[in-house]
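Novice: The following block contains the structure, expressed as structure tokens.
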Amino acid sequence: MMWRERAEVRIGISGMPGVGKTTLVLKVAELAAKKLRVCGFVTQEVRERGVRIGFDVVDIASGRRTPLARVGTGEPSVGKYVVFLGACSTISEALRGTCDLLIVDEIGAMEFKCPGFGSDLERAVYNSPKVLAVVHRNYTNLAESLGFEILWLTRDNWSTIYNQVVHRLGLA
């Protein structure tokens, strides 16, 4: 497939919950924004009184924040979270941005509840010269099929992986 040949760099960050995957991606995006056009989206936890109650998706280019999922019952759901399909348009628009570095946080079950996410992701990866994604540990094979090199993040190797990503993206 020709689309696999396009991107110069495709890095996927995976790991267990709470090791700093989103933090790493946000810090790289902040550094990259000094010299590159950055687009895409990040998924951020929403907490209430210290307890995680859900997730919001944030479009990096516009700053638009949209509820993605909350604890509750209903469909579609992922675990204890109900996914709000209204957030799908934010994700889709973020993946259609034109930029030098595409950020995707995350490639995971909630995002795949959005109709068209797979094809939007594939198109965005093809059209972006550099891609940095958070990849849920259950989706690493899929990401590898899109040409991603998967780096496994832990609390112990966070700084090493951060430096490796910065170097690979030409930001050092």
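For all residues, glycine too, the Cβ spot is worked out from N, Cα and C.
Below, the features straight out of Swiss-Prot:
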| type | residues | note |
| --- | --- | --- |
| BINDING | 15-22, 101-108 | ATP binding site |
Novice: Mind giving me a neighbour count for Ile103 (ATP binding site)? Other Cβ atoms within 10 Å of its Cβ, every protein chain shown.
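Specialist: Taking every protein chain into account, the count is 25.
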Novice: Helix, strand or coil: which one is Lys21 (ATP binding site) in, per DSSP?
Specialist: helix
Novice: So for Leu101 (ATP binding site), how many other CB atoms are inside 10 Å of its CB?
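Specialist: Around the Cβ of Leu101 (ATP binding site), 24 other Cβ atoms lie within 10 Å.
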Novice: Between the binding-site residues Val19, Ile107, where is the Cβ count within 10 Å the lowest?
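Specialist: Across Val19, Ile107, these binding-site residues, the one with fewest Cβ atoms within 10 Å is Val19.
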Novice: Under 8 Å Cβ to Cβ from Gly15 (ATP binding site), same chain, six or more residues apart: give me those in sequence order, or none if nothing qualifies.
Specialist: Lys21, Arg137, Trp152, Leu153, Thr154
Novice: According to DSSP, folded down to helix, strand and coil, what is Leu101 (ATP binding site)?
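Specialist: Going by the DSSP assignment, Leu101 (ATP binding site) falls within a strand, counted as strand.
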